[in-house]
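Below is one structure, written out as structure tokens; comments come after it.
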Ligand SMILES: Nc1ncnc2c1ncn2[C@@H]1O[C@H](COP(=O)(O)OP(=O)(O)O)[C@@H](O)[C@H]1O
Ligand SMILES: [Mg+2]
């Protein structure tokens, strides 16, 4: 082993030990979804007619393709399972890769621990290599387990491996992307942010490609699109796999190339000096909270404007697309005509924006815990700042921030759609209302996070669990005919699907009530507990 | 109010870890009080309780005449705190942090701030993470000293400072003392405590084991004596105040508690002293004695 890699093995072992809980969770959650759904296929679609309805209904519905991806062959359990899960698992495996690589490289530099290690006998590339090996290895385990469990569930071996390895390669690609991000960004939060943004863009690119008639090439710009274009269980295109591998190695090499060109602890871009004296406005807990939280909020808001505008410009095409499929046309006409296909697309997108806004809300609440564990709260609370004013000034972000994010997303979508159909005045309110109606559900998520932070700070990170559950329920619940009682667990189930459905105030009011109680409980808990 | 801080029988546990086990601490107004103890003895925990960051399990705690848990924010207007482990916000410059903390405390003296920045040789334009540990510590020290407050609570404030800056720190603190401020200085650097403090409390395992003025404590220290006598020494081993006695013919070597020095020397001169060397008492030794579990210095 060359000198630059000395110590890699020990660092891999250290990383595996530190991740001994989180990596098995990723593996368990991601590996067995397709196999378990494949088993359900014949229960869900027992007759030829039911399968035909699936193929010509959901399979041809562009508002569903945006989320799941192109439907190549829904007539077999394998084709169905890979259609349902490839896109979503690709996103999750990508997140796993980004978080894992960052956790063992940039985050270690942030805390100074890597410096400690660097002073021992550890080669220059050891930490990055260890992180890459752990992330790539986990991706491989997930892909192989997925393939074997699918074969075990009776699916053809070729398709099972195409699906599993396609997703492994998505993990490898984002391992490479993360290897670059951690060199560029100066902080782990920024590295995770850039990586997730890249992931989000690749998901959207293929969403745009998969749901359009004339821009399908967009899907080919996305590594997530490639995992789908492997066409598992639908005439595998094996050549896509080596292509993805080459790309993953190429992008990872850029990270290795950048590494020696920067100092430990610094980013590629040199840190700029700040002002010697604070601006007059920097004199309240809120001013500081704004300084700390604004970057994330601005990032989500501008991303949402982009997403909204993109889906807005796609919306009017939905009606045309149905023209090809008489059965789908019939189904949608029964539901109320072409306009309602567009409306239900806009309503569906509003629901997705709600999920995005809730993810932001969790992140904004947990920022408080980061500040606390980094011992940056104590010096503040040792001044004339009360606990309530500190926690209150941060909670503004998970409460008001989602309103901003949703408004901007709904506005972008309504505006672009309105411009394309020449009816901004008529389309904008519906799209905006559909997005903003999500707020009470988002607040419930923020409230749950606040309760964890205020009352059970050691378990604050568990705030990701409820939103994860709600995403699963919302995205997969309808596909597996989940019982209504379970669907009702998610606050998003109760939000009226504007503009396709009528506005009903009752659920909005009681969801808001739950959120208010939860936020208040969280604040009261924080007031009474030990700091640290 | 004569006592700025008064703590009686303070208990605090974290799960199974007993951090404080009946700690007592009294700091008179205007006094500089050294708070000594080995790592993990509970100094920072005591200070966090005093700042209302932790809630006491049991015991009475009074800070500046108020209840630190209930009246936290109001009391904090009158004190400044330097944490032992300073973490700065990565995207704020040192100058911004100094100003922010000062303003949140209720205002700071910009002239004093500027002179402190110069004396501590700090570049206020650097961002949080680009500071070394010592420089982060300086940011917190300057932020604390630039506001005029009644009480300074300093938790191992000089960890990470170089000797030159350590001297600057001691000088700056002595200026504060002249202004009549009360100081609680947690430290494990004895020289610093000897240079600055009027009284000290030594704690171990969450309990106060010694408290008093420096001269009272010196009284508790031991002098090492080795002597060659004219005859055989008698009766030294029966004295409680003599420790580690070694007798080799007419030669003796032992440690004696400083308060008993007079008595012991008289006994020696009764036998007749040929030669005698003594090592002066140091607080260091007392300190070490309290640090080691058995209460005895192992040499
Ligand atoms: N938040 C905490 N959770 C658990 N144990 C703690 C916590 N804070 C301190 N302790 C424990 O309490 C004891 C006293 O710690 P501390 O007050 O930091 O000591 P010192 O400042 O004197 O070095 C130590 O055993 C430490 O491990
Ligand atoms: Mg300490």
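Backbone N, Cα and C define each Cβ position, glycine as well.
Note that TrEMBL annotation is computational and uncurated.
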Quick one: sort out which of A:160-182, A:183-205 is the transmembrane segment according to TrEMBL.
-> A:160-182
In TrEMBL, of the candidate ranges A:263-287, A:338-362, the one given as transmembrane segment runs A:338-362
Any contact, the transmembrane segment (A:395-415) to the transmembrane segment (A:122-148), with at least 3 Cβ pairs under 8 A | no
Any residues 6+ beyond the ends of the transmembrane segment (A:463-487) with a Cβ under 8 Å from its own?
-> 37, 40, 44, 67, 84, 88, 351, 355, 358-359, 362, 365-366, 445, 448-449, 452-453, 493
How about the transmembrane segment (A:238-259) and the transmembrane segment (A:82-101): at least 3 CB pairs under 8 Å, pairs 6 or more apart in sequence, or not?
-> no
Segment proximity, the transmembrane segment (A:507-526) to the transmembrane segment (A:160-182), 3 or more C-beta pairs under 8 Å | no
Winner by Cβ pairs under 8 Å against the transmembrane segment (A:435-456), considering only A:21-41, A:297-318, A:338-362 | A:338-362
